[in-house]
Amino acid sequence: MAVVGFIGLGTMGAPMARNLLKAGHALRVFDVSAEARAALAEAGAVPAETALEAAEGAEFVITMLPNDAIVSAVHLGPEGLIETLAARPLLIDCSTISPDTSRALSRAAGARGFAVIDAPVSGGPGGATDATLSFMVGGSEADFARAEPILQAMGRMIVHAGDSGAGQVAKLCNNMTAAVVMAATAEALALGISQGLDPAKLSGIMANSSAASFVLDRWNPWPGVMPEAPASRGYTGGFQLGLMLKDLNLAIANARDAGASVPFGALAQSLYMLQNRRSPDAGRADFSSIQTIFTRPC
């Protein structure tokens, strides 16, 4: 079993770290929240006071952080891992960030003798808890092979997408599609239900016809259709709309840099931005709350 440093114990990071413990790995953890550190300590991890302390002596260092700026600071800042660590663990960044940031991090790491892979995930908090996440990995084949046994403790599908940054590109393509499909499904449900169709029956028809999707199978945005879905819990839990908007912003920026046309992605970005502005708490609701754009227009 390996010694792993884990930095970032939020909604996704904490259950991922717990699954590494369950797999028998020795874990040193850091988060800016003392409560998050204490919770993992109770599960058997060694809490650290800094990110650097969590990484010292580790064979692998996993980061699961909110945005590009924090990822860059943790790795490249004055007290950053790449600038300070004497040893050379494999750096595994599971954050969802810009592909350009991932590539820049890889170049900077390589210049200092470090190997780094981008390994963003899909599957949400449920997948993180159940160790059924999908990992989309960018980096060399050798580094992917080295990381794969560690990732298998946290996920079910681990795919080498290509060179550095490829994992991030794959993740942004996936989430842009998810955002578009969720909004399109919400729009169609609102149309049918406004004319008297039963929400469950309409959902069933669509789920077993050409409109079938993950939304209708597991994440129905209409309240009451799926008791376990966030929509039936006041749009709590799940994947926050603000985070989906962050990913859409990254996807649109990446498309612009790549010279790609993404009109549906841009429209989805506008819709989620509008929903995010409707109330101070809108960004913390599950992204299926986009349903209310079509049922309670501004």
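Placement of Cβ uses the backbone N, Cα and C atoms for every residue, glycine included.
The domain '6-phosphogluconate dehydrogenase NADP-binding' feature in TrEMBL is assigned to 4-162.
The domain '3-hydroxyisobutyrate dehydrogenase-like NAD-binding' feature in TrEMBL is assigned to 165-289. In the domain '3-hydroxyisobutyrate dehydrogenase-like NAD-binding' (165-289), helix, strand and coil residues by DSSP number 84 helix, 2 strand, 39 coil.
For LYS171 (active site), applying a Cβ distance below 8 Å and a minimum sequence separation of six or more within one chain yields THR96, PRO120, VAL121, SER122, MET136, ASP247. Residues or ranges marked as active site in TrEMBL: LYS171.
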